[in-house]
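Since the structure comes first, as structure tokens, the remarks are kept for the end.
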């Protein structure tokens, strides 16, 4: 075959030479002797087809090139660069000029109250000022007096984020999406609300900030009505939309989302301040992955002094969101595997749940996964519901450490619930029934109010949410526990005994007391049948747990009964003898380590030598 190719090679070269000479002849005739060409029809026809002849000649050249013997080793060719099909963006990275904030911050007085994020300080108070401060605390549950005296446009000082965050660059292709910032408020203090708005305007790139939507959840304070409407007119991209009756955070956010015009929805609370470069990392992550629901690193604005906790360059101990089996959101330190996965501070933190107050999400994805459960009422449980839904239905929750936003964390809510706090239990029942499968039993044992709602079928229609779960082909809750939150301790689905532990001698119940997170003495208290501080489980591992929230175990030390974090946490752990208990047939509760039994002495729980004839050593789960 190779010999045949070589014999034909000279013939092909001769043919190519003839074609080339003919083409030159035609070009010469075409240019220098138009009249002669017109006199000879055959030449006129060939000259008119000169472009086709040229194409034929080039094709012949390519054909011969393809059959020429190739070198077996040639210089490496650089890989082809895939050019973006998005012609509306340029290659490379955004420049600082392109990411210029919507508004420049006005000149700052470094000695003004709270300047550069410092604490508000005041040494001497008049009676009138003291009264104003106390009224502010009563109404808002933070120091509104201090907030009112801090500039609405205060600076937060220099950018103290880690160097990799400060130096982070953002690609133009795909372009960073635009965002609508949605802020829900109800009778919010004037200064905290507007400082939140100004903070967004002074830190968000103009090309990315489409609008700020203030959603009023039926505020009654006069300053939040016409005065606010008139004030925001000067802020250009800020507008107010209103709910005429109090419906709560969930429906207010849905209202804001329904009128938002940008590609991404960014939700903030009404008492926040945004740090340098907070927005770009959130939007960049969504540009990479539309299913990412991203939260900033939320730092504290002190509720008393309004001091902003600025980020540090090194050594930040990050937290992530979690939940307990009463379906309460909380924070925990990162597990070791998550620390190892992250190479530097630009890497997102995977989080099993999120606080839900401050986050960004693609508007299209928000709608795809079912927005919020619009049958949930007011506030409570919506963040845990959305956490389960996002993870189980193919998305992911992440915290972006390079994005820093301050938040005033209050110790209690200043607002009343139109239907009382039962709305929280109702919301939690809805999320448990839709997303938790059989694991919902664990929750109902800890919340008797919720369990009663289920028995009475008093939590609304969930058929639409169940249909959503089916349509999205979501994972079950077991998948979530194994793949998203394997560190979560799962109590027995069907514990041996659970409920309150009643002493037959005193007719009182064992009680952990108020705010006992372990280390405090237990007490005896009137049995109230409400669970809570009197809820215990006797497990298949034979430990006695008080595990409404944190997993706490009874342990015996001499004659003392104690409460501490359970030593058995699942695989590769065991129950120590001083946490192991035997519930005997004659109603004693005997500790395996000490051999002593639980008793009530002087109306206090204690340990004593076992005596089945002593009524103060007899106990019953009720």
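Numbering starts at 1 and runs along the chain as displayed.
Every residue gets a Cβ built from N, Cα and C, even glycine.
Bear in mind that the values here come from a model prediction, so they are computed numbers and not experimental data.
Secondary structure at residue 407 (Mn(2+) binding site), taken from DSSP and collapsed to helix, strand or coil, is strand. The Mn(2+) binding site annotation in Swiss-Prot covers 269, 271, 407 and rests on similarity to another entry.
DSSP assigns residue 511 (UDP-N-acetyl-alpha-D-galactosamine binding site) to a strand segment in the three-state reduction. For 511, 514, 528, 533, the entry in Swiss-Prot reads UDP-N-acetyl-alpha-D-galactosamine binding site, with the evidence type similarity to another entry.
Swiss-Prot lists 509-527 (among others) with the feature disulfide bond. The Cβ neighbour count for residue 527 (disulfide bond), using a 10 Å radius and every protein chain shown, is 18.
Look at residue 566 (disulfide bond): DSSP puts it in coil. The disulfide bond feature in Swiss-Prot is assigned to 553-566 (among others); the stated evidence is sequence analysis.
Positions annotated as disulfide bond by Swiss-Prot: 597-610 (among others). Just so you know, the Cβ of residue 610 (disulfide bond) picks up 18 other Cβ atoms within 10 Å once every protein chain is counted.
For the domain 'Ricin B-type lectin' (506-622), the model's average pLDDT works out to 94. As annotated by Swiss-Prot, domain 'Ricin B-type lectin' applies to 506-622.
The feature N-linked glycosylation site is assigned by Swiss-Prot to 86 (among others).
Residues annotated as N-linked glycosylation site in Swiss-Prot, with sequence analysis given as evidence: 476 (among others). Listed in sequence order, the residues of the same chain lying 6 or more apart from residue 476 (N-linked glycosylation site) and placing their CB within less than 8 Å of its CB are 392, 437.
Taken from Swiss-Prot, the feature region 'Catalytic subdomain B' covers 348-410.
Positions annotated as topological domain 'Cytoplasmic' by Swiss-Prot, on the basis of sequence analysis: 1-8.
The topological domain 'Lumenal' feature in Swiss-Prot is assigned to 29-622; the stated evidence is sequence analysis.
Residues or ranges marked as transmembrane segment in Swiss-Prot: 9-28.
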Practice task
Look up residue 533 (UDP-N-acetyl-alpha-D-galactosamine binding site) in the DSSP assignment and report helix, strand or coil.
Solution key: helix
Handout entry: residue 269 (Mn(2+) binding site) to residue 514 (UDP-N-acetyl-alpha-D-galactosamine binding site) - Cα separation in whole Å
Key = 30
Handout entry: Cβ-centroid neighbourhood (8 Å) of the Mn(2+) site, 269, 271, 407 excluded
Key = 192, 196, 268, 270, 272, 301, 357, 358, 406, 408, 409
Practice task
Calculate the distance in Å between the alpha carbons (Cα) of residue 407 (Mn(2+) binding site) and residue 514 (UDP-N-acetyl-alpha-D-galactosamine binding site), and round it to a whole number.
Solution key: 28
Fill in the blank from the handout: CB contacts under 8 angstroms to residue 566 (disulfide bond), restricted to the same chain and 6+ apart in sequence, sorted by sequence, are 489, 543, 545, 547, 551, 552, 553, 579
Completion exercise
Across all protein chains shown, the disulfide-bonded residues 509, 553 give the max Cβ-within-10 Å count at 553
Problem - Where the record names 511, 514, 528, 533 as binding UDP-N-acetyl-alpha-D-galactosamine, the maximum Cα to Cα distance in Å - result: 14
Completion exercise
Among the binding-site residues 271, 407, the one whose Cβ has the most other Cβ atoms within 10 Å is 271
Practice task
Give the residue from the binding-site residues 511, 514 that has the most other Cβ atoms within 10 Å of its Cβ, counting over every protein chain displayed.
Solution key: 511
